[in-house]
Amino acid sequence: MKVAWAGSRHAVEVADRMACLVASDPVFRKDTRTMLSRKELFKDTLKKAAHAWKRTVELHLTEEEANLLRLYIDQPGYVDLHWVMFVPAIKGQGTEEQQKKWLTMAYKFQIIGTYAQTELGHGSNVQGLETTATFDPSTDEFIMHSPTLTSSKWWPGGLGKTSTHAVVYARLITEGKDYGIHGFIMQLRSLDDHSPLPGITIGDIGGKFGSGAYNSMDNGVMRLDHVRIPRDQMLMRLAQVTREGKYVHSDVPKQLLYGTMVYVRQTIVADASRALSRAVCIAVRYGAIRKQFGSKAGGPETQVLNYKTQQSRLFPFLASAYAFRFVGQWLKWLYTDVTQKLESKDFSTLPEAHACTAGLKSVTTSATADAIEECQKLCGGHGYLNSSGLPELFAVNLPACTYEGDNVVLLLQVARFLMKTVSQVASGKQPVGTTAYMGNIQHLMQCKSVVNTVEDWLNPAAIKEVFEARALRMAVNCAQNISKAPSQEEGFSELSPDLVEAAVAHVQLIIVTKFIEKLQEDILGHGVKEQLQKLCGIYALHLIHNERLGKLYAQVRPNAVALVDAFDYTDHYLGSALGRYDGDVYSALYKEAWKDPLNETVVPDGYQEHLRPLLKQQLKLSRL
Ligand SMILES: CCCCCCCCCCCCC/C=C/C(=O)SCCNC(=O)CCNC(=O)[C@H](O)C(C)(C)COP(=O)(O)OP(=O)(O)OC[C@H]1O[C@@H](n2cnc3c(N)ncnc32)[C@H](O)[C@@H]1OP(=O)(O)O
Ligand SMILES: Cc1cc2nc3c(=O)[nH]c(=O)nc-3n(C[C@H](O)[C@H](O)[C@H](O)COP(=O)(O)OP(=O)(O)OC[C@H]3O[C@@H](n4cnc5c(N)ncnc54)[C@H](O)[C@@H]3O)c2cc1C
């Protein structure tokens, strides 16, 4: 089952090695993280990142191993933005020459970069960004400026205190004309003493939701006061400005400007499956240990995992963890395929890649955030403790519903893609890829449900047809209602809640389809495929609230712990007293409690100043 989850024996081996490397290194301890102040936590992040780099160099780790090392350190920090956004942005939007110059320094960590797009006043609406980059032909420079308070760059990870450079997105103005948003490489801080360069006001935007969590990251604010940069620091793969100041757009779609976001959205789907699997691992293992109430005759109490309500709340998340894992593996293939096509100027699958990455990022992160919160509740009071690992897991993964694109905004992008496809089908064009099912419109608009028993629901063809019919009918219904509106734009706006639902149905069809396709592969291990088939049935059935789920839950219950053990997480990475592999929950909870700084003294700080006088005074009053 480990191989089915990881994707290959090699993946299992590398993951095990990196997870153990992190778990065995005291520098990477994380059990006291939620007890640190914001400054201590930030400094701890710097220490871990520097140590990780040192180990990467010492051990000659590959890129795959280094990424896994960062992942198992499990502490958001500036390195995430450097590797996940700054480097990809230069790769995707820089010329060969610019890549050679800047990536050489970035790969050697001679500079630390971030991705500075969002502003105080605009995040979702990229075309609304206000920062300006005005070309000055007299000096062959761009003047980077924050014209308004709302144009302050706001949120970029690492910008606050760490990054020395950034790809800054700004309105390109030359010869008095505004050509819209383009990317520019800017140095922000001195490489000698790390002080901000002249004209740059920069700092952290303040504490964020949850203790520990994203507070390890210095999300920043930056204002630019007419800062000059050389013309050749405009990322010029998509467009150029000549020495004379002429704007020249290259022959690639302008949407490639958004390429970095597409890349990160596809990685976030894998992140979501990992976060969800961690929460499910904790809740399933604890549910097998925790016993509450038993037979009236004083017999042994019942494992809470045996309760049908616990199973109906938890097993859809177990199924979703596997579903998101498999669709994330497919999405990585899709992204690689699109990127290769772009190299040969084949832009035909760019819209599909945008719709799939936007839709899958949105659906998987929303479901994961909701599931982690429910897993906290599934663990009762102990799920609320930091030592359960669940509060921090929730706090780190909740913002994924917003960063890299607000989930509703992204679903509306999917809806726009679906409406375009429906109109193309109406004009006789055969849809391809993930919308190919829309070509079967006659059948799917009339077909009656062919599933009646639980066994029917384990028939992949039946499941797929039901999800295709559901998605198509919702999309066609939206298209028909939009056509009745005074204009396409007005109709789209009025119908936007329904369009979001139609987009979700389309994305869930993709997830179910990829789960089914995974089951058609050769899957190692005795009985593994059968278990995955049941999980596929649970994932599909729970989305349409089918009453036959109970039978499937009963069939999965005996293997539930084995199915989460297959995620192969070390206790260090899981970071949970409830989800420990050895199940020694109560002694672990008790031991963790005493680590809290509040327990450093038996009489708490503040007693002498505030508590003693109050108690003494009340005692005196009571004797009057
Ligand atoms: C180890 C520790 C763990 C820690 C966690 C680590 C995990 C990984 C790290 C993650 C770190 C995250 C840090 C966060 C970073 C950020 O948040 S960066 C900023 C992200 N911001 C956004 O995502 C903004 C979202 N908004 C947009 O993308 C755009 O504004 C928009 C909504 C797409 C609208 O764009 P606009 O230019 O207005 O276009 P439209 O008019 O809507 O559409 C025009 C056509 O273009 C097509 N299109 C749009 N986007 C794309 C695209 N990306 N690719 C391809 N095509 C695109 C669109 O479909 C339209 O096409 P037609 O319909 O054919 O005209
Ligand atoms: C932890 C974290 C890290 C981040 N890191 C970075 C980073 O490194 N670099 C960077 O550039 N940015 C970063 N961001 C910013 C992030 O990209 C934006 O917050 C995100 O794109 C959402 O934009 P917004 O904040 O403007 O939300 P808004 O768009 O203002 O959303 C507010 C509400 O309005 C709704 N809404 C907006 N537009 C529409 C519409 N057209 N139709 C219907 N509803 C709509 C949304 O659904 C939402 O409910 C980060 C954010 C977070 C939380």
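Numbering starts at 1 and runs along the chain as displayed.
From the backbone N, Cα and C atoms, a Cβ is placed for every residue, glycine too.
TrEMBL annotations:
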| type | residues | note |
| --- | --- | --- |
| ACT_SITE | Glu404 | active site, proton acceptor |
| BINDING | Thr118, Gly157 | FAD binding site |
| DOMAIN | 1-112 | domain 'Acyl-coenzyme A oxidase N-terminal' |
| DOMAIN | 258-419 | domain 'Acyl-CoA oxidase C-alpha1' |
| DOMAIN | 547-616 | domain 'Acyl-CoA oxidase C-terminal' |
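Long-range neighbours of Glu404 (active site, proton acceptor) (same chain, six or more residues apart, CB within less than 8 Å of its CB): Met261, Val264, Arg265, Ile268, Lys361. Within 10 Å of the Cβ of Thr118 (FAD binding site) there are 18 other Cβ atoms, across all protein chains. There are 26 other Cβ atoms within 10 Å of the Cβ belonging to Gly157 (FAD binding site).
Secondary structure from DSSP puts Thr118 (FAD binding site) in coil.
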